[in-house]
């Protein structure tokens, strides 16, 4: 998504600038979430003389609590103490289309509808995998994110074409950061509560994919400026990862999960 934002905005504008501090803060938080996955993987690879199942489980619980606290503090940072970093640089004020109460009602209704659709979508993955001869890993990591976040993707690209790169980066990186810092740790904690163990341990391949993705994003936004070539680099990274995941054996995923 960020790559498309850079390309679509870069075609219209030679160079686009954005708030370097805010963007780097978001990228650093992504790096922190990546660290939370690297450590369990490294722990599993090196600690051979301990009960890894129980240890990684407790490590994941502690790490998830820390990530949730960091996410809450980030919200305070963004909405309370450092709002000036996230204020729109545009002079034009856009009038709200809907009243606040109607927006909230529509948000709640649409959330319920999306949750129901997501349930059916997840249930259909096995059938889709068998029919199309595609691994569930490819469907879960490549196809579902594109379809599930289509509206968010369109929003990010459209604001990038209006030269509102702060908003575009906020949507693109903020979505990933919300999953990494809030949703994933929350799922681990909920699993702990309902006695359905879930950990932050992913296999080496998945961890490396996330690491290189976060790494290149950090490199490209640290100068506070973007162009279409940087977008090509991001999309190239995505395509390479998609090809790798397409040919990655399903058996390897199943083995690592056990």
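Every residue gets a Cβ built from N, Cα and C, even glycine.
Residues or ranges marked as domain 'Sodium/calcium exchanger membrane region' by TrEMBL: 1-79 (among others).
Among residues of the same chain six or more beyond the transmembrane segment (27-47), those with a C-beta under 8 A of the stretch's C-beta atoms are 55-56, 59-60, 63-64, 66-67, 70, 74, 173, 176-177, 180-181, 184-185, 199-204, 207, 210-211, 214, 217-218, 221-222. Marked as transmembrane segment by TrEMBL: 27-47 (among others).
Beyond the ends of the transmembrane segment (59-77), by six or more residues, the same chain brings 25, 29, 32-33, 36, 39-40, 43, 178, 180-182, 184-186, 188-189, 192, 198-201 to within a C-beta distance below 8 angstroms of the stretch. Marked as transmembrane segment by TrEMBL: 59-77 (among others).
As annotated by TrEMBL, transmembrane segment applies to 97-122 (among others).
The domain 'Sodium/calcium exchanger membrane region' feature in TrEMBL is assigned to 103-246 (among others).
Marked as transmembrane segment by TrEMBL: 167-194 (among others).
What TrEMBL records for 200-221 (among others) is transmembrane segment.
Annotation source TrEMBL lists transmembrane segment at 228-248 (among others).
Under DSSP, residues within the domain 'Sodium/calcium exchanger membrane region' (1-79) fall into helix, strand and coil as 66 helix, 2 strand, 11 coil. When Cβ-Cβ distances below 8 Å are used as the criterion, the transmembrane segment (200-221) is approached by residues 2, 6, 18, 20, 23-24, 27-28, 30-31, 33-34, 36-38, 40-41, 43-45, 56, 59-60, 63-64, 169, 173, 184-185, 188, 230, 233-234, 237, 241, 244-245, 248, 252-253, 256-257 of the same chain, each at least six residues removed from its ends.
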